[in-house]
Amino acid sequence: MSSVKLIVGLGNPGGQYEQTRHNAGFWFVEDVARQYNVQFRPETKFLGEAARIQSNGLDVWLLKPMTFMNRSGQSIQAIAKFYKIAPEEILVVHDELDLDPGVARLKTSGGHGGHNGLRDTIAALGTKDFKRLRLGIGHPGDRNQVVDYVLKAPSKTDRALIDDAIYDATRVLPDLLNDDMARAMNELHTKT
């Protein structure tokens, strides 16, 4: 395994999407930036907003692609290529329909599961072998309602549960940054 050098929060740019379920990945990296007291800055060469934190004397990049969800891979590929970050050193944080609000799960690899941001990331990186943090948002129950569901804000109760899961996930971030995925998974999966 490799320690994480790039943390990408998936979401859609623009105020109209800011509070939607599909932006749970943005919420996570924004929370990490607050904890490390850093600001996101527009980075046109990366098609997104980026911030840098330090872990064990090494740079770790935070990225919010500003390409819209279905083109997230372009932004991820641009920053990874520029800083020579391998796919296995990337953590992609995204909303997950198949998990209830309040649940967060780590994975070391996998398919896209119908998530367009992951689909584009896999295509852009040429591999599915990158780490993921899946933030549960619940499912509307009918697959025909998924698009409307992810592009709406969660209820106050669900948002509080998602925020709790984000908090729990940020607590295991030091393990991820120290290349201890097994410990991070164990801690997180027993909490949420």
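A Cβ is built for glycine as well, from the same backbone N, Cα and C atoms used for every other residue.
According to Swiss-Prot, the features are:
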type	residues	note
SITE	ASN12	site 'Discriminates between blocked and unblocked aminoacyl-tRNA'
BINDING	TYR17, PHE68, ASN70, ASN116	tRNA binding site
ACT_SITE	HIS22	active site, proton acceptor
SITE	ASP95	site 'Stabilizes the basic form of H active site to accept a proton'
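Features recorded in Swiss-Prot, as mapped to the structure shown.
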residue : record                                                               : DSSP class
ASN12   : site 'Discriminates between blocked and unblocked aminoacyl-tRNA'    : coil
TYR17   : tRNA binding site                                                    : helix
HIS22   : active site, proton acceptor                                         : helix
PHE68   : tRNA binding site                                                    : coil
ASP95   : site 'Stabilizes the basic form of H active site to accept a proton' : strand
ASN116  : tRNA binding site                                                    : helix
Check: same-chain CB within 8 A of tRNA site center, minus TYR17, PHE68, ASN70, ASN116: ASN12, HIS22, THR67, MET69, ARG71, SER72, GLY117
Sequence-distant neighbours of PHE68 (tRNA binding site) in its chain (C-beta under 8 A, six or more apart): ASN12, PRO13
Neighbourhood of ASP95 (site 'Stabilizes the basic form of H active site to accept a proton') by C-beta distance under 8 A, where only residues 6 or more apart in the same chain count: LEU10, ARG21, HIS22, ASN23, ALA24, GLY25, HIS115, LEU135, ILE137, VAL150
Recorded positions compared (ASN12, ASN116) - highest count of Cβ atoms within 10 Å: ASN12
Residue among the recorded positions TYR17, HIS22, ASN70 whose Cβ has the most other Cβ atoms within 10 Å: HIS22
Maximum Cα-Cα separation in Å among residues TYR17, PHE68, ASN70, ASN116, which the record lists as binding tRNA: 16
